[in-house]
Amino acid sequence: MQQVLGILLGALISGGASYSLGTLLFRKLNLRLERTEYISLAFVAGSACFSEIIFVLCALGLARKDLFVALALLAALVAICTRRNTTHISFAPLPIRWIVPFALLFAAFGIVYLVNALAPEMSPDGSAYHLPFVARYLRGHGFSPIGQNFYANLPQGVELLFLPAFSLGGPSASAMVHFLFLLNLPLMMVSYGRRFGFPFPALAAAFLIFASPIFGWDGTSAYVDVAAAAILFALFYLLGIWQTGAASRLLVPIGILAGFSFAAKYTAAIGIPYALGIVIWTRWRTRKPVLRPVLAVCGVAALFILPWMIKNQIFGGNPFAPFANRLFPNPYVHVSFEEQYRLGLRHYLLPGWLHAPWELTVKGERLQGFFGPLFLLLPLALLSLRGRQGRRLALAGAIFALPWFLNIGTRFLIPALPPLTLALALALRSPTGLLPAIALLHAVLSWYATPFRFYDPYAPRLSTFPFRAALRLEPEAAYLTRNRPDYQVDRMIERHVPPGEKVFSFEPVAAAWTTREILAAYTGAQNEVLSDTLSAPLSLESLPLPAQVFRFEPRQLRRLRAILTAPPNGEMWSVNEFQIFAHGTLLHPDATWRLTANPNPWDAPLAFDNSPVTRWRSWDRARPGMFMEVDFGRPLLIDEVRLVSAPDAPPSPVELRAADARGQWRPLTSRHSTSSVRVTDNLRQASVRAVVARGIRYLLVTPGAFGANDFNENPREWGIQLLGESAGRRLYALKPAAADRPPPDPDPAPTPHRAVSTGTYDDPDSRICLHAAWTRDTQFPDADRHTLTYSNVTGASLSLTFQGDAITYVYTRAFNRGIAEIFVDGRLKDRPDLYSADTRWKSRTRYECLGPGTHVIQIRVTGEHNPRACDSFIDLDSLIIE
């Protein structure tokens, strides 16, 4: 029972704080509302305010349980102490003959919903990303960059309301918070009907919504759709009151809810143009000034919109992340993925648009939920257009339904259903017995244990009454083990994967029950690169790689660019290796080379790493003008270029352009031919080494995933070790053999560079020269500015020329770090061992008393490591000059 009390207390903290803040807001504005609508609307408006407060706490790194409780108690105390006589208007009471039967129906469904909300939370999206992010914010006491999961960049206004509840009662407390919105929505609908003169139809419509299978399933889970519906209906409600001539003070909560609709869910942001449209139309129709109320709504709404856009710009390089990536290019979401994702959301598995009404109301599997067969009557809502209220309700429902065409899942129609159902009830208000009969039939068909099996067997709906699990008479672990295979998978990961490590998976896996980060292949740009790298050996080992060869007279070139002149046969442009030769000798990139591409400059080094399993891809539809470019930093003698591709991306029409020592660009006249390259290396181990070099040391393979059988049958060839298996999913540790490396070339003298002055120089700074293969990575939230540059290639080095008397080397100690050599002005200064059993970010070593003048520091990878270390990586976080 202690767990149950924690769950209820968590929901009370979030719900109580929301209501208290809403009450304070309404008192400050001195709004005249009926008592029931006052309570219901104050809860929704207060939720927006509480969510905004939690956002500030997360931004400041103050998201802690004690502070949440203190804020909730403070809000409640202020609301009680400042209590004064609030003037409430009165509505005609509902007849007892209506109240009793509908109260029994509401109570029956409410008890079922309460038990399911209290039961261990295991909803698909709730356990996949809603709650894992909530748990991560709580562990880190606030926001942190999550660059490898695009779901982290969706607005999370409702999830922030889950956060205080989660801190006290865990996942089920978050579901209970959402359940509060499910309880509040029909209360608002009934109040709306009472205010505008149709109480009984509103009561019937409220029950149709409350008993709908998709509302019950969604509203008792850690989802956000029912909350979004409540926010939009509250916005519609307040606009309706304002249109009757209420005080302009009402524009403040209208602006709050318009902004909060964006913060709750991108598709709910339709509330913003709806609110502005209603304000403009109403003022224009009454011949009153428009600008001031519009600016008031926009100004208040911006307070709830801009924080999320700023967060996305800081963490994702795109204020509208994870969408609009063509307008705001970034290394976190590929344009190609966004286009495929949006296309999938518009079609699902629906054979055609004519099937949508049947799927939405009766079957439910293809569109992931159903409203109930009685909602096939919705077209009859058109009969309500004869009255003013019918037209208002139908207009709001139609506008709130528009985002559904961007994502045709049933849940995305939830916000449109409350106003449309009210319009339907208005149309069917006579004869008197029709609505009660419809409500009763709807209750029978929507009951969790209904004997009528008209819906698809896998359609999301509540189908059990898990009171033992809800009261924790059945242990939570036993219940989850029996009902969610992913629970045991997460526990397996928790046992075998050390803290701070990441696990890559080709398929999505729920991550609610582990503190380790699981990187699904489709959820981020770098995850797609990892997937591409691990998939390469299975397609390359038996086929030659096509190559385009460009030969020309030897000439001194400073820059070289390969430009796509026509789209290739495939959907995107791809280059495995961009090889540059001088008199038959392959030139390797050094610290002076600057590699870029358009689009996707972040992956350009993958085409210069001399590895057939990695490649640069445009990750966008190929179009003329795309290019890859290398700036050598100085003129080099060159006479041949080869562009090696993969069999799944045949050679594309390319033109070479070059810049000479004076920087003048000219087309490079060359003899073009084609050849093929047969790879003889162990590509499986090469791909695993490439993945390990990106900081991923664990792989989760689900049945049916690409290459699952090959991983299972050839673990030695891959260099992987099976750690455990659960529900058919196999967890491997990546332990590739070291690559056969030629003896390192004598370490070159650091390239002279203009000396920098005192200050802090982060690792991506272009004045830090790199020699040989280094990886610059942007996925480390604990590193300075979230970036590290690292390498385990023996002989690789980096250098910086500076003026100062002391320099501090900032790096990371970890279990896979090796021994570095530090040279200052060509003399060996130190051999620090970067190994540590646990990860220690921003470790420092200071070298002082260097004397005035110009100095050069060089950090070199020795390839040696402590016997306890599993690799010899050396990294750079930053250099501090004093």
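Note that Cβ sites are derived from N, Cα and C of the backbone, with glycine treated the same way.
Your range for transmembrane segment, going by TrEMBL and the list 247-266, 367-386, is 367-386. The recorded stretches the transmembrane segment (367-386) and the transmembrane segment (393-414) share 3+ CB pairs below 8 A when only pairs 6 or more apart in sequence are counted, and are therefore in contact. Against the transmembrane segment (196-216), the recorded stretches 98-119, 161-184, 222-242, 393-414 differ in Cβ pairs under 8 Å, and the greatest number is found for 98-119.
No contact links the transmembrane segment (222-242) to the transmembrane segment (68-86), because fewer than 3 Cβ pairs that are 6 or more residues apart lie under 8 A.
When Cβ-Cβ distances below 8 Å are used as the criterion, the transmembrane segment (290-310) is approached by residues 48, 52, 55, 59, 155-157, 248, 251-252, 254-256, 258-260, 262-263, 272, 275-276, 279-280, 283-284, 319-320 of the same chain, each at least six residues removed from its ends.
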